[in-house]
């Protein structure tokens, strides 16, 4: 039961994060990722270490929850 609850929480946390799933410069060009996120009304973007810097993750996106 504990494993199920932990897995459910992990999935909910992943779904609730504002992420752009395509590369958008990652890996190697974090500035391109940041510019992409700003272009879609997010505050900033970075190449996510949890995905070995392959995914651009946007933060503080307006109107997306």
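Glycine is no exception: its Cβ is also placed from the backbone N, Cα and C atoms.
Lifted from Swiss-Prot, the feature list:
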- 26-47: disulfide bond (DISULFID)
- 33-56: disulfide bond (DISULFID)
- 37-58: disulfide bond (DISULFID)
- 42-61: disulfide bond (DISULFID)
- 27-30: region 'Binds to membrane interface' (REGION)
- 48-54: region 'Binds to membrane interface' (REGION)
- 1-22: signal peptide (SIGNAL)
* Asked: Taking the Cα atoms as reference points, how far is residue 37 (disulfide bond) from residue 61 (disulfide bond) in Å?
  -> 8
* Asked: Going by C-alpha distance, which of the disulfide-bonded residues 42, 56, 58, 61 is nearest to residue 26 (disulfide bond)?
  -> 56
* Give the three-state DSSP assignment (helix, strand or coil) for residue 47 (disulfide bond). => strand
* Asked: Say you check the Cα of residue 42 (disulfide bond) against those of the disulfide-bonded residues 33, 56, 58; which is nearest?
  -> 58
* How many Å lie between the Cα of residue 58 (disulfide bond) and the Cα of residue 47 (disulfide bond)? -> 9
* In this structure, which of the disulfide-bonded residues 37, 42, 56, 58 has the fewest other Cβ atoms within 10 Å of its Cβ? -> 42
* Asked: Around residue 47 (disulfide bond), how many other C-beta atoms are within 10 angstroms of its C-beta?
  -> 22
